[in-house]
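Chemist: Okay, here's the structure, questions in a sec.
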Amino acid sequence: MRGRGEPSMDGQRVRSPGAPRIRSLGDTVTYTPHRSATIAAIDPDDDGADEWTLRWRARIWVGGGLLAVASLIVFGIWAVATADRPAGGPAVIRGLPAADPAEVAPGGFSVRVNRVRCGVSAVGPDGLEQRAHGQFCLLDVRVTNNGVEPELFDSSAQRVYDSNGAAYAVADEAAVFLNDDNPTLLGTIRPGASVNGVLPFDVPKDAQLSEVSMHGSMSTPGIRMSLPAAE
C-alpha cells in the first residue's frame, strides 16, 4: 500500500483512499460583526431639561403679563381722554372748576369773559362795516399769558355754542375792526401780560348762547365754560 501522497508509477501523486477530500472555497471573505450605533436616551424627568423649560415658560408668562398690563394702561388713558368729548366736538374738561366761573386757562393762557353782548347788526367804521348774516354776539375777554415766552393767542380757534348745541366760529374780519387797540388781542402777548379784546361771533338772530370753548391754539384741546347772560 502506498502512503498518502506517494507518487505513482508515472510520476503523478495519487491520493490515498483514506485521505480526506479537500474542497476549494474560492476567494477569501472576511466577516466583521455589525454593531449598532449607541443612542443616548433623554429622560423626560431629567432635572436639567425641566429647569430649562420652566425658565422659558416663566419668561413667556412674564412678558405676556407685562404686555397685558401696558395695554390696559393705554386703554385707560384713552378712555379718560375721550370720555367727555362730544362726537365731532372739542374736548370738555369737567370736575376742575376755575377759580372764577367766568375764567378758564387753555394752554399757557388764562381767559376771562367779562361780558356778552348780542343783537349787534354791524361792526367797523362807516363805509367799511361788516354786517352780520344774523346777529353779532360780542364776548369782551381778558387774556393773560401765563407762560415764560411771548405767545400768540389764536382768536380764530375759539367757539361758542347755543342752547341746541350748535357751534359758531369767530368772525375774523369783524375781529380785526374790534381789536385795533395796542397791544391787541390778535398780536403776540408778552409773558405775564394781559390784553383786553373782543371776540365776535355771527349767529342766527334767535340763537341763545350758553357756552364757549377756549383754546390756546387750534391744536390744543378746548376748555368749555358757561357764558354769562347776554345783554
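Any Cβ shown, glycine's included, is placed from N, Cα and C.
Taken from TrEMBL, the feature domain 'DUF4352' applies to 107-217. According to TrEMBL, the region 'Disordered' annotation covers 1-27. The transmembrane segment feature in TrEMBL is assigned to 60-81.
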Chemist: Please compute the mean pLDDT of the model over the domain 'DUF4352' (107-217).
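Modeler: A mean pLDDT of 90 is what the predicted model shows over the domain 'DUF4352' (107-217).
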Chemist: Mind checking how the domain 'DUF4352' (107-217) divides into helix, strand and coil residues in DSSP?
Modeler: 10 helix, 59 strand, 42 coil
